[in-house]
Amino acid sequence: MAASPSSSTAASANIVLAIFEKKTNTVDMYRPLRNYVAYHYSEREAQNVEDDLQTLKQLRYEIERHLDPSLPARRDVLQTYFKSLCLVETRFPISPDPDHVNALTFVWFDAFKPKQKASQQNIHLEKAAVLFNLGAVYSQIGCSYDRNTVDGRRQASHAFIAAAGSFAFLRDNASMKASVGNSTTVDLSVECAGMLEKLMLAQAQECVFENTIAKGSTPGVCAKISRQVGIYYEEALAALNVAPLSQHFEKSWIVHVQLKAALFYAEACYRYGLELHDKEEIAEEISRLRSAVNVLTEAKKSSKGAAVQILDAIGKLEANINRNLERAVKENDRVYLMRVPSPSSLAPIPSFSMVKPMAMNEVLDASKEKMFASLVPDSSAKALSRYTEMVDDVIRTQAEKLQQASELTRVRLKEMELPDSILALEGNFTLPTSLKEDVEAVQISGGPAGLEAELQQLKDLRRVNQELLVQTEELLQKEAREDSQFRSQFGTKWTRPQSSTLTKNLQDRLNRFAGNLKQAAESDGRIERSVREHLALMSILDARPIESALPSLARPIMSFDQNEDAIVGSLKQSLRQLETLGAQRAGLEDMLKDMKRKDDILPKLMTSTGSYDDLFKKELAKYDHICDEIAQNIEAQEQLLLQIQAQNDEFSAIFNLEDYKASREKAYKQIEAAIAKFREIKDNINEGLKFYVTLQDAITNVKQQSNDFVMTRNIQCREMIEDVQRQLAGLSFQDKNPGASFNSNYPSVGSQNQRASTQTDPRPQAPYYQPVEQPPVAPYGHHAPPSYGGPAHHQPPPPYHIPPSSTAPYPPPQVHQQPPGNHEYGQPAYPGWRGPYYSAQAQQPGSVPRPPYTIPSPYPPPHQSGYYKQQ
């Protein structure tokens, strides 16, 4: 039985490391800094910055004494003090120089070997130590949260991420400066800061993994997150095992990180194995689990001094892995019989990082601080502005040179049609982007080969419409025949209106629909003929890829010196060199911008005692090597372009490039013509499909009206037969059994004797006719069947009439409006048509009917399809 994936054995090893702060000696910063201000500025300036000096003194005192035991308060003090140090650095030159602040010496002890200390007369050691302590406090905050809860683990993860950001900031901005000189400590080195960053990221990712398990995520997701925990620990372990850290940390540190790395690698294998088992990839599952067992076994060999919780977690995880391994081996031996691969042959388990170091630039940004704002000399500010303008001029000039060189390359290559001609020779040539997109759109829509299926859809829809039309006509004809039969049997007693009178409007509409279908069939035929006629033209669009239909740049049939390969090879090599030069230019431009961003000479300006011009010359000289590289790059490009021009001329002559260009342009035009014709036919087919669908709705509506009419007439028929029977019975009451004689000649109405008025549509309806000079005693005279046609003086609009709009190219034919309540469907026009699609009704005087399809002219009018147009 596999161990439940919802429980985490690694999560039970909830042991994380916190970093202790560095210790320092007491330093009086107030007196040396005030003396410097009074001497170099004035006593008034010293009095103006008195509050700032007192604030700085108090911050340094809190750093030394830990006045507030609260970790968040300690964090805030460290951040504020670091910002203050950034401001001090730009205004007070601290060094052994007699003209500088030379009475300040900072002393800091190593956090991991407290007997070792560093002592320096510069502010870099102080800033590096404060950054280290900030990362240490963040790590302690992370350990202070209750990591047995989801929210506690989330808060702990954020704290470890901030700690990683602090150590990363230390590594990138302060470690190198603090390591200058003989008096340094290992804990502030670049290597140690990088190791602590990875350790904090590992602990942050570990908290995320525990929450992922708590949420019940899938084994695959848990495996990826667990694997990244192990990777972070492995990176920290690699740094601990090499100088200068290998002899600096206690053995328990290395054991802890080593066991954690092994534990989370095995956890990842275990979770990944669960996913593999669900996929029935038993062989790989066995290999992964064996690899996990081996790693745990090896790690336990050097577990002396490890925390009991970690050893218990390793034991539980190993038991789960062995249980799943035993099950997988049995299943493989009995069922799957797969060959188990070697662990070394397997791909690494996928990993996914959920954490990254916090960006500390904004947190530690001192640009908005007001401390010592009055101490910036005006001369220094003006000098800095002038230097910045000089740097901007250098960068602007060099950037323009780089851009001009890149543009020259692009234009020259386009003139020589490179590298397109080389690609065409290798069979890798592609269409222009716009043309290729058009071809892809055609192929996605089915291409010319798919037109047959769409034509078949037209036929099927036309057949369905014809069948509906026939069914409706037969329905009305049947009712008319029955009415005629009863009329001939009963003679003048059969007083209801004839069917032909009542169904005239329906018959007219059906006739119009029949005319529409006939015209549509002719138009469909024209489309089919057009497809057959242009199928050869459009067949090029079915080529996949479309480039296979293009002419290829072939090698010459006869060659005298057999040097084609050498010419092509040298040209390709020159193009690669040109591409390399372009990449170098992009890198040089980035180097210029990055150098300017980091170029801050304000501290030098404020501490300089010589000429500003000499300082500017010295500082601008650091841009000279980039400027020289840019000049060399541009010169090399000019020489290379001349070489490529000569090689391309030789290439064009040997491979007859002009003929190839002509044939290629001809193919382009053929593809463009095929696309235009395909779109034209496609649009016409779409118009036809829309027409048939809408016409089918209209015929269905008429059929429903006909069904309603027939049903009502049948009810009236039964009622009239009953009335006639009663009249005959009243006139022939002396006859013997007259009812039997009547029923032998007329069909029986059955046992139903209810009034039709209770079975018909309850909506208010007008009668079919008004009897003239006839007493309203017959029930039929009072029955109100539904009307299926408007008054005779209202001419109905043509079927599928589209209401005129302001954007129609031509106005629709003038028709009489249908009264409300007797709505008739408007006839839809195909897209691209002007006016109604079909119009089977009588046209207005002077108008010409517009059939749905016409013979296409070679040049269709603007804004009008070539197949569907007005006549």
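In case you wondered, yes, glycine gets a Cβ from its N, Cα and C as well.
In TrEMBL, the annotation coiled coil applies to 451-478, one of the ranges 31-58, 395-422, 451-478, 591-618. Given the ranges 105-162, 163-220, 627-684, the record in TrEMBL names 627-684 as coiled coil.
Residues of the same chain lying 6 or more positions beyond the ends of the coiled coil (451-478) and with a Cβ under 8 Å from any Cβ of it are 499, 503, 506-507, 510, 513-514, 517, 520-521, 524, 527-528, 531, 678, 681-682, 685, 688-689, 692-693, 695-696, 699-700, 702-703, 706-707, 709-710. When pLDDT values are averaged over the domain 'BRO1' (15-409), the model yields 91.
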